[in-house]
Amino acid sequence: MELWNSTLGSGFILMGILKDSGSPELLCATVTALYIVALTSNGLLLLVITVDARLHVPMYLLLGQLSLMDLLFTTVVSPKALVDFLRQENTISFGGCALQMFLALTLGGAEDLLLAFMAYDRYVAICHPLNYMVLMRPRICWLMVATSWILASLSALGHTVYTLHFPFCLSREIRHLLCEIPPLLKLACVDTSKYELMVYVTGVTFLLLPLSIIVASYILILFTVLHMSSNEGRQKALVTCSSHLAVVGMFFGAATFMYVLPSSFHSPEQDNIISVFYTIITPALNPLIYSLRNKEVMGALRRVLGKYNLLTPSTL
């Protein structure tokens, strides 16, 4: 079989989801709208958490990092897909593919770990409230954030370099929304079964360890909530935890389908739908899930917007 030279001068063709859909213009408008919602909602949440001193607590520090990851994640994918559709040009350079893969894996892995740390934060807040500011002091919070970013980036770097070291076939078409490991391995002209097994093992490890922390945290939280004498405290705890569980369900469900299920369960169409879900839809929904039912966030948002409205006339 003829090989094509997979060097920095070569490139791939991202088939994406827009061109082959039944209503590409409608889908393009939908993706654009979701991207705008993701930019606006995550940007506002980051602004509010940064500006309002009342939200300078561990829970909102971690939530701000989640918004940052979602904002970057959707930006790695959505603009490229939209520009390609409008220009009718789906090519991506070898270096661009490597960068997109590295950033997507880093952001996905960091969010995976951060969700586990957020579950631990809720466990400490609800089960050990008197020790909360000791167990979740700023140094520990920033250590959690740094751990998420560093471990995810190291894992992403290893997978990106190893995936792209394979020789690829003459066909350069990636039948996927972005450069990602499973669709790229389908283009390899050599046996990749051992590496696919390694991807599977690392994927299961990266998903199941944080998921086990989340499940254990919420089992302990549930026992504590059931023994609460205050209905108001019980309801507040359930509202906060339900938002986090909704985000966890969306993220881990999509990631499990993509990286844990065997390749025989995958098809290009299903993979594209899943990739749209966790790179475009989820980043738009996450800040809405966390903020709309959170009185502290909504109150802070009103204060910040009110402050800027008051400042605007004086600056004109």
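Any Cβ shown, glycine's included, is placed from N, Cα and C.
According to TrEMBL, the protein carries these features:
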TRANSMEM  26-48  transmembrane segment
DOMAIN    41-290  domain 'G-protein coupled receptors family 1 profile'
TRANSMEM  60-78  transmembrane segment
TRANSMEM  98-120  transmembrane segment
TRANSMEM  140-162  transmembrane segment
TRANSMEM  197-225  transmembrane segment
TRANSMEM  237-261  transmembrane segment
TRANSMEM  273-292  transmembrane segment
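Beyond its flanks by at least six residues, the transmembrane segment (237-261) meets 66, 108, 111-112, 115, 118-119, 122, 126, 180-182, 199-200, 203-204, 206-207, 211, 214, 218, 221, 224-225, 228, 270-271, 274-275, 277-278, 282, 285-286, 289-290, 293-294 of its own chain at Cβ-Cβ distances under 8 Å. Against the transmembrane segment (140-162), stretch 98-120 has more CB pairs under 8 A than any other of 26-48, 60-78, 98-120, 197-225. Beyond its flanks by at least six residues, the transmembrane segment (197-225) meets 109, 112-113, 115-116, 119-120, 122-123, 126-127, 155, 159, 181-182, 185, 234, 237-238, 241, 245, 248, 252, 255-256, 259-260, 262 of its own chain at Cβ-Cβ distances under 8 Å. Regional average pLDDT for the domain 'G-protein coupled receptors family 1 profile' (41-290) in the model is 88.
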